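Annotated in TrEMBL:
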- 20-43: transmembrane segment (TRANSMEM)
- 37-285: domain 'G-protein coupled receptors family 1 profile' (DOMAIN)
- 55-78: transmembrane segment (TRANSMEM)
- 98-116: transmembrane segment (TRANSMEM)
- 136-158: transmembrane segment (TRANSMEM)
- 192-211: transmembrane segment (TRANSMEM)
- 232-250: transmembrane segment (TRANSMEM)
- 270-288: transmembrane segment (TRANSMEM)
Amino acid sequence: NFSEVSEFRLLGFSEISHLHPLLFVVLLSLYILTLMANTVIALTMNGDNTLHSPMYFFLTQLSCLDICYLSVIIPNILENLMVGTIGISKARCATQMFFFLFFGVTECFLLAAMSLDRYVAICCPLHYTIVMNSRVCKSLVAGTYICGTAVGLVHTIITFNLPFYGFAINHFFCEIQPLLDLLCGNTFPSEIQVIVVAVFAILCPFLLIIYSYSRIISTILLMSSAENQQKAFSTCSSHLLVVILFYGTASSMYLRSKYTYSASVDKFLSLSYSVVTLLLNPTIYSLRNEEVKRALRK
């Protein structure tokens, strides 16, 4: 016995309502700061002729993705903190889930494409400009968007064609796991679907990154000069740090069983990789890169 759900209620941080004003100020400040930082990085890399190499082309794409990714959920959180529990239509909820998955999966594959770029730059430096030409870079970026679209569409269509018996989502946006808790009947097929999507969207690009960096590290260790080793490692250390931050929080959310799910932990992890990580990305790339810092000063 269930009725068709046409609207959901996002509970948000209802358990800590006394902290809503403080959270609102903190999240709004982080949101504005992240938008400004990523916008400045993207404009700087696009406008400086010395930063038109494949690596900076990918970094520009990453900054644009971070802006879009953050804008999918932060306005919703701020609204929730202002007015408390808010209603969201089923269509809007499905749209939000699609774009959340789209930008998240696209970023996973973009990080893998960036690791491939670093692999070619360090392991095949003489062929770098030939292998990583403009056409290849644009094709890799297009491929990341195609993967993001495919995962987002498939997962959203399957999820929202299933019957829901409840309407209260214990989260601040239409996240996957809280929605699964509202499904009517046997949710095991849907849980398997989430795991399959997570394996494809998280593990596949992550394995490519692991392979690329295993080759990169072995190449660096074979270099005779310590100065060359340090220079080679510095070109990929920023990317490696971003990968660890992003994949660490994302995998802890989606590569786990429903029975280990905790709403409070899930909200914390969502904030970690949707706000903190995306704020750190431009900071890491600008502070650890002399060319970017020089371009920013100009």
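Even glycines carry a Cβ here, placed using N, Cα and C.
Note: TrEMBL annotation is automatic and uncurated.
Since the structure is predicted, the reported quantities are computational estimates derived from the model, not experimental observations.
Residues 101, 104-105, 108-109, 111-112, 115-116, 147, 151, 154-155, 158-159, 176-177, 180, 243, 247, 250-251, 254-255 of the same chain sit 6 or more residues outside the transmembrane segment (192-211) yet have a Cβ under 8 Å from a Cβ within it. The transmembrane segment (232-250) shares the most Cβ pairs under 8 Å with 98-116, out of the stretches 20-43, 98-116, 136-158. Across the domain 'G-protein coupled receptors family 1 profile' (37-285), the model assigns an average pLDDT of 82.
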